[in-house]
Amino acid sequence: MEAEGSSAPARAGSGEGSDSAGGATLKAPKHLWRHEQHHQYPLRQPQFRLLHPHHHLPPPPPPSPQPQPQCPLQPPPPPPLPPPPPPPGAARGRYASSGATGRVRHRGYSDTERYLYCRAMDRTSYAVETGHRPGLKKSRMSWPSSFQGLRRFDVDNGTSAGRSPLDPMTSPGSGLILQANFVHSQRRESFLYRSDSDYDLSPKSMSRNSSIASDIHGDDLIVTPFAQVLASLRTVRNNFAALTNLQDRAPSKRSPMCNQPSINKATITEEAYQKLASETLEELDWCLDQLETLQTRHSVSEMASNKFKRMLNRELTHLSEMSRSGNQVSEFISNTFLDKQHEVEIPSPTQKEKEKKKRPMSQISGVKKLMHSSSLTNSSIPRFGVKTEQEDVLAKELEDVNKWGLHVFRIAELSGNRPLTVIMHTIFQERDLLKTFKIPVDTLITYLMTLEDHYHADVAYHNNIHAADVVQSTHVLLSTPALEAVFTDLEILAAIFASAIHDVDHPGVSNQFLINTNSELALMYNDSSVLENHHLAVGFKLLQEENCDIFQNLTKKQRQSLRKMVIDIVLATDMSKHMNLLADLKTMVETKKVTSSGVLLLDNYSDRIQVLQNMVHCADLSNPTKPLQLYRQWTDRIMEEFFRQGDRERERGMEISPMCDKHNASVEKSQVGFIDYIVHPLWETWADLVHPDAQDILDTLEDNREWYQSTIPQSPSPAPDDPEEGRQGQTEKFQFELTLEEDGESDTEKDSGSQVEEDTSCSDSKTLCTQDSESTEIPLDEQVEEEAVGEEEESQPEACVIDDRSPDT
């Protein structure tokens, strides 16, 4: 950690008031703050500094020497720098909007924090030196540069009665200690850290007091409104204590945590006193303004969700004005990830479809009758669950099952296209889940093979290989050092099982396509997360097949808890819920950062499931974070799936969904936009949660973005020759409104001045233009309609999907 503090003096000339060893001066004018915001992708340069909490006041005399603690939390303070004279207008104003970003600086650490830190360091040292991982048979070295040899993560393993509502008797650690983010190299920040104001490249105003709101997170910027309110209120409290000479009273949990001499009115000038009082009042007024906008029926995280959507709309509007391809990428991202309400004209069904839709909906479509159990016995089960002539080569590949970037396509080749069965079986063995939950190995293999058979081999992206990739990615994320011993075995089982079933029976089209075509599934699930609901129904229904109930030995309470968790996790893979999910996680992380403890307790179901939901969501959106060779293969597959949907839409006379028209789609630009506006903000937030364990993942993500950026053609793509095919590109540029309605319908955003119909299907589903799209697209109707258009195949049941047809038998 010494290296992290060495860069503290580097900010002397950054335009911000420099800090002395004992105090701080007023900040420079707003136009000098975070000058790097003028770059399209600002560079984040957090610093480790110690500031006096009452930074408006002159620094106190240096304290008497204190004995060094056995396990210090911070490096020695940097040498004092002469503060520059405050320029005119340097007085800081309160937040002008909820888009203001607050800077949180170090103040010191309490005895409790030092104890927790030292305790965690002891456990971390043991884990690093021995490779020990509770619940895992092998040492996990999945984080080579972020984990090995470093002692910078911390998980408190103290007991907490009833901490997990799912399994209070076996719930492990009591929380996750959020670490300060010291970036080893300059990295781009996501658009979330830009100004939340139109045509203003620098933050409107950083709360003058938010910079002292946290003891642990030195220069971390806070961008979620609720966390900013908390930071400001903590500053108001500290200033009030200074103004009223109340800081000598018994300290509370909200008191400044560093030992500082008492400050009373006599120690400062009357001018400084009045200035501090005025700024405190302004800060309090800003907090009141923010709280007055809250609505009782909405959560505080919706403040962040509305803000992020407003900022994304502004970014997409700018992108759409640059070129036709930029307009298409903007429309795709908006339709897919902003959960818009679509007004569409539903086409009339064909006669054949009418006949099929007369059948009852009492059965779950897509479930096939398969017999895998008859040939399986405990003595005949192969080493990896499937028979293969290349078992030794497969074993070599599976040695990387605990590492980020497993070559899942190679696993599929070596296993006879059974990657899901092989990887799930290996992970269950690694984590000893078979023994923990008394799962018969033949039952596990039977279920896995049955589940894998219900993924469609003719779907380019949403198939069994994608499911295996998400399972393995979730497995690695669960093993991240920061989350060690945080989740129970039942929660781990739920996350892995949810990853395995999250796209089962996916037909290769989006949710919106199913809605637009008036599919049976859309009717059954009321147009709400159509595919995600179907994936859950099929995944649980298959447990009822012969010798497939892998949860047969769980208690009733365990089964109920697991089912609830799996449902919550899979429904969260609906890409239209992305911004809400991101806002919830970022609000939770930043709220804990600005509190005195900085500890994320995860002591209730809501917080714990939120982390698991985001974990699987990250795994589902992990393609751009994998090695470029794998990422490019996934990109080719998702684009092939998109183009197939576009061809079906063209045949039906429907408007072609964004990024689904093979004649004018910009693949490279779509990947860059997808990373900038969706993947990077998500992984950036996850990296904050588990810092520093995901730094290598962010590095790979940035490298991949730069590669795709370098491949974008310099000249604009020519207009298509066929006016029929190019009609979508000839429409007006897609525009996005810059403000959201305050009536609570935060997810509903109307397009201003644009004729673009958002009914296009490619959007609302998990169709990530670049990488793994999520379980949002299921083209039931499409396949049905395709059948009607094709030759007479009524006698052939399609194992393919959930359609209005009867299940295969």
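Placement of Cβ uses the backbone N, Cα and C atoms for every residue, glycine included.
Under the three-state DSSP scheme, HIS462 (active site, proton donor) falls in the coil class. Sequence annotations record features per position, and here Swiss-Prot assigns active site, proton donor to HIS462.
Swiss-Prot lists HIS462, GLN671, PHE674 with the feature 3',5'-cyclic AMP binding site, giving experimental evidence as the kind of evidence.
The annotation Mn(2+) binding site is assigned in Swiss-Prot to ASP503.
According to Swiss-Prot, the compositional bias 'Polar residues' annotation covers 762-773.
Under the heading SUMO cross-link, Swiss-Prot lists LYS387. Annotation note: LYS387 (SUMO cross-link) sits in a coil segment as assigned by DSSP.
Over the domain 'PDEase' (386-715), the average per-residue pLDDT in this prediction is 94. Swiss-Prot lists 386-715 with the feature domain 'PDEase'.
Look at Swiss-Prot and you will find 1-107 (among others) tagged as region 'Disordered'.
Per Swiss-Prot, region 'Disordered' is recorded for 343-364 (among others).
Residues or ranges marked as region 'Disordered' by Swiss-Prot: 710-729 (among others).
Annotation comment: Swiss-Prot describes 739-809 (among others) as region 'Disordered'.
The distance from the Cα of LYS387 (SUMO cross-link) to the Cα of HIS462 (active site, proton donor) comes to 24 Å. Recorded residues PHE674 (3',5'-cyclic AMP binding site) and ASP503 (Mn(2+) binding site) have their alpha carbons 21 Å apart, per Cα-Cα distance. For the 3',5'-cyclic AMP site, whose annotated binding residues are HIS462, GLN671, PHE674, the maximal Cα to Cα separation is 18 Å. DSSP gives ASP503 (Mn(2+) binding site) a coil state; it is part of no helix or strand.
Its Cβ taken as reference, GLN671 (3',5'-cyclic AMP binding site) is surrounded by 30 other Cβ atoms within 10 Å in the chains shown. Distance between Cα atoms for ASP503 (Mn(2+) binding site) and HIS462 (active site, proton donor): 7 Å, as a whole number. Cβ neighbour count for LYS387 (SUMO cross-link) (all protein chains, 10 Å cutoff from its Cβ): 13. Cβ neighbour count for ASP503 (Mn(2+) binding site) (all protein chains, 10 Å cutoff from its Cβ): 32.
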